[in-house]
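> According to Swiss-Prot, the feature [4Fe-4S] cluster 1 binding site maps to C125, C130, C136, S373. Annotated [4Fe-4S] cluster 2 binding site per Swiss-Prot: C157, C161, C164, in sequence order, evidence recorded as sequence analysis. What Swiss-Prot records for 140-362 is domain 'Radical SAM core'.
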Amino acid sequence: MCPTAVPSRVSPVAAAAAADIAGSSESTVSLVADVDKKNSQYKQIFLERFRKKLQSDKTGMNNLESFVELPEGVAPSAASIGPIKRGSEPLPPWIKLKVPKGMTHRPRFNRIRRSMREKNLSTVCEEAKCPNIGECWGGSDEEGTATATIMVMGSHCTRGCRFCSVLTSRRPPPLDPEEPEKVAAAVHEMGVDYIVMTMVDRDDLPDGGASHVCCCIHTIKKKNPELMLEALVGDFHGDLKLVEQLAVTPLSVYAHNIECVERITPRVRDRRASYRQSLQTLEHVTKWTNGNMLTKSSIMLGLGEEEAEVRQTLRDLRTAGVSAVTLGQYLQPSHTRLKVSRYAHPKEFEMWEKEAMDMGFLYCASGPMVRSSYRAGEYYIKNILKQRQSAEGGKAAAAATAVNAGTAIA
């Protein structure tokens with residue numbers, strides 16, 4: 001039936017109303033079509049003008065290539081290096097996850113995983129869903145150094161940072177008194193010369209688990225005396241006496257992550273952690289050990305920070321005496337965690353690495369896939385530690401010579 005056709009039993013008034021409605025609908029459709037046509041014309045005009053503007057631009061800063069490569073003579077900045085992409089969009093091409101290779105390619109990967117399973121130990125590599133697990137566990141190349149980050153005091157954390165995928169619990173299971181021996185044995189079986197040991201926060205324990213961590217460190221070093229050991233630890237409620245207990249253990253590197261810039265810390269980290277408390281922890285380690293302990297921290301990008309804030313965070317860490325720093329891209333581990341605000345371009349990470357080294361950091365690893373323990377045992381940082389050990393050995397030898405000379409004179 002035609003839309004304007006009206007049954008004979010309908011009154012003339014109703015028929016007239018129906019005709020008006022039909023006419024109105026047709027005019028509305030016509031109006032929408034006219035608007036769409038005009039919008040399309042305006043769009044074409046805008047695109048033509050925009051293309052002409054790009055062609056006539058002499059600065060080199062307003063073309064698409066400038067998002068990837070900066071024009072010569074233009075200083076890099078976080079804003080000029082690359083576009084912002086939000087978490088709901090596809091990952092940019094520079095975010096690539098490395099799939100772990102099999103036994104024939106990375107026998108160390110399987111050996112580390114098997115050792116962890118047999119001793120019922122946790123690794124932050126697995127619990128935090130680190131994208132670099134294949135590279136670190138298997139070594140960065142055929143001759144690379146395999147590195148694993150063992151997580152002590154269980155797999156449940158008492159804090160609930162909004163970026164972290166580690167399980168949380170107000171009342172985690174009790175500590176395993178055999179864990180120090182298990183960890184030491186696992187490290188020995190791995191056959192590595194550098195290991196990272198981290199911890200879950202245990203606010204349910206009076207000392208935050210500091211004594212247990214110290215026991216693990218001493219046991220590991222006793223069974224593996226030549227091992228270089230990095231401990232990535234919490235803030236222990238801000239209790240500096242507990243920090244001192246760890247600082248005097250035979251550690252090679254004392255690491256504590258500041259995580260993000262100060263402004264967004266309250267919405268990113270658990271309320272019991274704070275930016276200033278983390279800085280105080282790192283600074284106290286440096287002062288307590290007279291600068292002899294190498295300290296390290298890490299910053300995530302992509303949480304809503306500004307360029308000036310990242311720069312200030314680097315300055316704050318350096319002022320606190322931190323010697324090594326890592327910067328990496330935050331990736332949302334699950335839909336319940338914070339969303340990514342942007343994906344920083346690799347050029348931006350290169351910029352931060354240069355600025356960090358210019359500020360006086362001894363070591364900086366900066367890249368989209370870098371994490372706090374990423375390639376922790378790589379050559380450069382190991383070389384720093386060996387140089388420090390040699391210097392300390394030289395001082396000890398000189399002191400012994402002076403004592404012997406004094407005895408001979410007496």
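Just so you know, glycine gets a Cβ as well, placed from its N, Cα and C.
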> State which of the following binding-site residues has the fewest other Cβ atoms within 10 Å around its Cβ: C157, C161.
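Across C157, C161, these binding-site residues, the one with fewest Cβ atoms within 10 Å is C161.
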> Taking 8 Å from the centroid of the Cβ atoms of C157, C161, C164 as the cut-off, which other residues in that chain fall inside it around the [4Fe-4S] cluster 2 site?
R159, G160, F163, S165, V166, T168, V200, D201, D270
> What does DSSP assign C164 ([4Fe-4S] cluster 2 binding site), in three states?
coil
> Determine the mean pLDDT over the domain 'Radical SAM core' (140-362), rounding to the nearest whole number.
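93, rounded to a whole number.
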